[in-house]
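Undergrad: Below: one structure in structure tokens.
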Ligand code: GDP
Ligand code: MG
């Protein structure tokens, strides 16, 4: 186990339903600490760049439209084994398959409007954190 940082997004379906606090509470209860946080409205260019790995997938256009449909809260989370811990508390991509006690099981609306993003590896966490945050915005 090691102290890690990972990147999280509270997605537009959650900000629209005023669930920023509810999501953050579940992250904190899982042992993750919010060391950076800001509410932004992603541009189309930002969303396309951030989700570039999904460019060839059939839902890419819908995903970009969804992620720019309202404000999001981008966060850096810190904790022991933070990358895996965050993926665990998020739950499966499709909330229909998510385990009890996960954020997506409790709060997500659909496979697309699934409330949270979380980095899938330590390597991608660093890339994603750098995409949205300057070093001085992160206070551990
Ligand atoms: P994640 O790592 O669990 O967020 O899932 P992926 O990296 O596979 O997909 C990125 C995001 O694209 C998901 O969180 C969903 O918002 C969206 N997404 C994934 N699969 C689908 C799909 O089959 N249809 C639609 N409309 N959106 C999807
Ligand atoms: Mg992913």
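Just so you know, glycine gets a Cβ as well, placed from its N, Cα and C.
Unlike curated entries, TrEMBL annotations are predicted automatically.
Below, the features straight out of TrEMBL:
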ACT_SITE  117  active site, pros-phosphohistidine intermediate
BINDING   11, 59, 87, 93, 104, 114  ATP binding site
DOMAIN    3-140  domain 'Nucleoside diphosphate kinase-like'
Undergrad: Determine the binding-site residues, out of 11, 59, 87, 93, 114, lying near ligand 1 in the sense that the CB is under 6 Å from one of its atoms, and give them in sequence order.
TA: 59, 93, 114
Undergrad: List the residues of the same chain that sit at least 6 positions away from residue 87 (ATP binding site) in sequence and have their Cβ under 8 Å from its Cβ, in sequence order, or write 'none'.
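TA: For residue 87 (ATP binding site), the qualifying residues are 118, 120.
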Undergrad: Among all protein chains shown, how many Cβ atoms are found within 10 Å of the Cβ of residue 93 (ATP binding site), not counting that one?
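TA: For residue 93 (ATP binding site), the count of other Cβ atoms within 10 Å is 13.
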Undergrad: Using Cβ-Cβ distances, find the residues under 8 Å from the residue listed as 'active site, pros-phosphohistidine intermediate' that belong to the same chain and are at least 6 apart in sequence, listing them in sequence order.
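TA: The list for the residue listed as 'active site, pros-phosphohistidine intermediate' reads 7, 8, 9, 11, given in order along the sequence.
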